[in-house]
């Protein structure tokens, strides 16, 4: 079991590392490539576009050919893309490299969740996904610090060489440590009944798809508007902003790491309801805040709410799928990336302020999700398993 957890964690961590590692070198990259920082900021969107593109096919391939081949190819592509980014001389080639990096990260991300679905039952999967969420929260804090330390002695290209090394390590783990987890097909006579149970149009799956998409939209909106909110509206300098973001990351980590223990006392539905109540409370707090301390409390509620509920919701979303776990993971990833990007784009077009953009999605997410959690309950078997897990 340890090998699957290690490989899954490594596969997932390529995604946030690819986003956060290079940001500290962005001014130098822009200078060397003859582009403005504003032009290179599109590299974030290009990276997400690459991830979404990969998710369109990676899950289906993983279900048909296996998890291990997709993991190996994804890690190998990440290595190649990182080398491309390190060697480019124009901004257009840099963006191409970032797109390919996104394809690689998206493939690995999908496979990681499929592996966890294959190897863990509902109860353990919810706990592991909560831990994974906590580990992922460490990357936005550590990656820029590591990048800064690297650039004290080496040029910005070394950031992508570091990512190359990460890709090589993931590839080695995928080749030598990871074992194939794809379930074998059931007897032909059982296929129609099995397929009906694993439909992507299943009411329960669609409800968890919407809940997780809205939750990711909340957290990505928070990340996107935090520089404007804290440095322009609240008057923080870069140092204070970094400290505030580190504090929020610590809240996320603390809640994520404690969630597995809380799951031993409460059922998953209670944690998801708590998550949405925290989102609603955060929206109300931010809309009424007149002091910086109160605003920071509201932002802390966002981090806590996401951390306590997202892993559980993802586990429930993947629960009904055995043979189609890869496809289900792909659909979840695409919806989350595209849904959050769509909201941020629409809010910018409408002209919402940073604060109103955040408050709007908090209120919408909490109300819609609370209704779905109260109306759409898990299948009877899953409910029984949840209750048995809590009692034990």
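Even glycines carry a Cβ here, placed using N, Cα and C.
Bear in mind that the values here come from a model prediction, so they are computed numbers and not experimental data.
Record features (Swiss-Prot):
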- 4-24: transmembrane segment (TRANSMEM)
- 38-58: transmembrane segment (TRANSMEM)
- 69-89: transmembrane segment (TRANSMEM)
- 95-115: transmembrane segment (TRANSMEM)
- 131-151: transmembrane segment (TRANSMEM)
- 158-178: transmembrane segment (TRANSMEM)
- 209-229: transmembrane segment (TRANSMEM)
- 246-266: transmembrane segment (TRANSMEM)
- 270-290: transmembrane segment (TRANSMEM)
- 294-314: transmembrane segment (TRANSMEM)
- 331-351: transmembrane segment (TRANSMEM)
- 357-377: transmembrane segment (TRANSMEM)
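246-266 is the stretch from 4-24, 38-58, 131-151, 246-266, 331-351 with the greatest number of Cβ pairs below 8 Å to the transmembrane segment (294-314). Most Cβ pairs under 8 Å with the transmembrane segment (357-377) belong to 270-290, among the candidate stretches 158-178, 246-266, 270-290.
Note: the stretches the transmembrane segment (158-178) and the transmembrane segment (69-89) are in contact (3+ CB pairs below 8 A, sequence gap of 6 or more). Tertiary proximity for the transmembrane segment (69-89) is limited to same-chain residues at least six positions away from its ends with a CB under 8 Å from its CB atoms, namely 7, 11, 14, 18, 22, 33, 54, 58, 61-62, 96-98, 100-101, 103-108, 110-111, 157-158, 160-161, 163-164, 166-168, 170-171, 174-175, 178, 326. Nonlocal intrachain contacts for the transmembrane segment (38-58), taken as residues 6+ away from its ends with a CB within less than 8 angstroms of a stretch CB, comprise 15, 18-19, 26, 29-30, 70, 74, 91, 94-95, 98-107, 109-111, 326, 330-331, 333-334, 337-338, 341. Comparison of 4-24, 95-115, 131-151, 209-229 by number of C-beta pairs under 8 angstroms to the transmembrane segment (246-266) places 131-151 first.
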